[in-house]
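Among the features that TrEMBL reports, iminosuccinate binding site is placed at His45, Ser62, Tyr133, Val134, Asn135, Ser150, His219, Pro220, Glu221, Thr236. According to TrEMBL, the feature [4Fe-4S] cluster binding site maps to Cys107, Cys193, Cys286.
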Amino acid sequence: MDAIAVAQQTLTQKGYLDLEVDPTLDLFEEINRLKKEKNAIILAHYYQEPDIQDIADYIGDSLGLSREAANTDADIIVFAGVHFMAETAKMLSPQKKVLLPDLKAGCSLADSAPAPLFKKFLEKYPDHVVVSYVNCSAELKTLTDICCTSTNAVDVINSIPLDQKIIFAPDKNLGAYLIKKTGRDMVLWNGACMVHEIFSNEKITKLMLRHPHAEFIAHPECEEHILAKASYIGSTTGLLKYTQKSPAKEFIVATEAGILHQMQKASPDKVFIPAPPENNCACNECPYMRLNTLEKLYLCMKHELPEIILPDWVIQQGRVCIDRMLEISQKAGHIH
Ligand code: 13P
Ligand code: SF4
């Protein structure tokens, strides 16, 4: 059996094509060649490693990436991000081939709400509208009325009539932030992102004392006591834009550290400090996002595997909540 056949056999177990890549290959050149040859587009999230961000056709937050996936005329979408993002792209462009360099690039937040358990939970709240953060599985989206991202979540909640009861899933931290921001009482699912829950209040306080002119900014997936210290709270795109327009020269950033690459590129004269995690680990890097490498990206483009495949019923039922979200986002001016 040749190496490709063996790699295909172990694909499900490993999550990626385990093939050797010639270390002398110029992967940037090869990936660019494959992009043209196959009419493929690479969509990358801000939390990807810098090399992947640099080779991508579009870098963005969850909302921007969904919009690009819906609008592209490429034949192949290569998703440099995590599984739920690639699934969302497939739901929005079902006729296209969607590739993910490593199928094991999951998400602790999406995993915290398994669809069968969530379905049982919903039985207790029959008269509630279900709003889910896009960081959830495709199956969970089939149980959702309106999807949201951190960019449009406030507009999504505000689009719901005041007398309508709401369930918000799966992120309890974003949910608590939205309750505060919108004044709406919502039933929250008890999920969280492992990266955004790791920041150390004490270490951030010390860092702020050492950098008195630095602004502390945070993603709303962080815990309430961390958000309470922030002078700006926003999605990855929101945080990036904020650092560009703020007159401050120094920022302490509480979100996955990958975003610092774009912040530094956009404002080379400013200083960006990643908010420190509790332990002396690199836990502010998402272990799922970082499963994607340039080598896996190259292999998945070359062999067009692993591919995201979803049942038709999941695509049809799941995309309804995403379409509603895109409509609200357009009206609110977040996308055009
Ligand atoms: P945004 O890119 O929408 O800010 O979301 C961050 C995130 O955690 C993605 O997994
Ligand atoms: Fe999921 Fe958190 Fe990683 Fe985003 S950073 S993909 S929410 S685990």
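Please read every residue number as a count from 1 along the shown chain.
Here the Cβ of each residue, glycine as well, is placed from N, Cα and C on the backbone.
Listed in chain order, the extra residues whose Cβ falls within 8 Å of the Cβ center of the [4Fe-4S] cluster site residues Cys107, Cys193, Cys286 are Val82, Ser108, Leu109, Ala110, Asn135, Met194, Val195, His196, Glu256, Tyr288, Met289. Checked against ligand 2, the binding-site residues His45, Tyr133, His219 give no residue with a Cβ under 6 Å from it. The shortest Cα-Cα distance between Glu221 (iminosuccinate binding site) and any of the binding-site residues Cys107, Cys193, Cys286 is the one to Cys193. Straight-line distance linking the Cα atoms of Cys193 ([4Fe-4S] cluster binding site) and His45 (iminosuccinate binding site), rounded to a whole number, equals 16 Å. A straight line from the CA of Cys286 ([4Fe-4S] cluster binding site) to the CA of His219 (iminosuccinate binding site) spans 14 Å. The binding-site residues considered are His45, His219; of these, His45 has the fewest other C-beta atoms within 10 angstroms of its C-beta.
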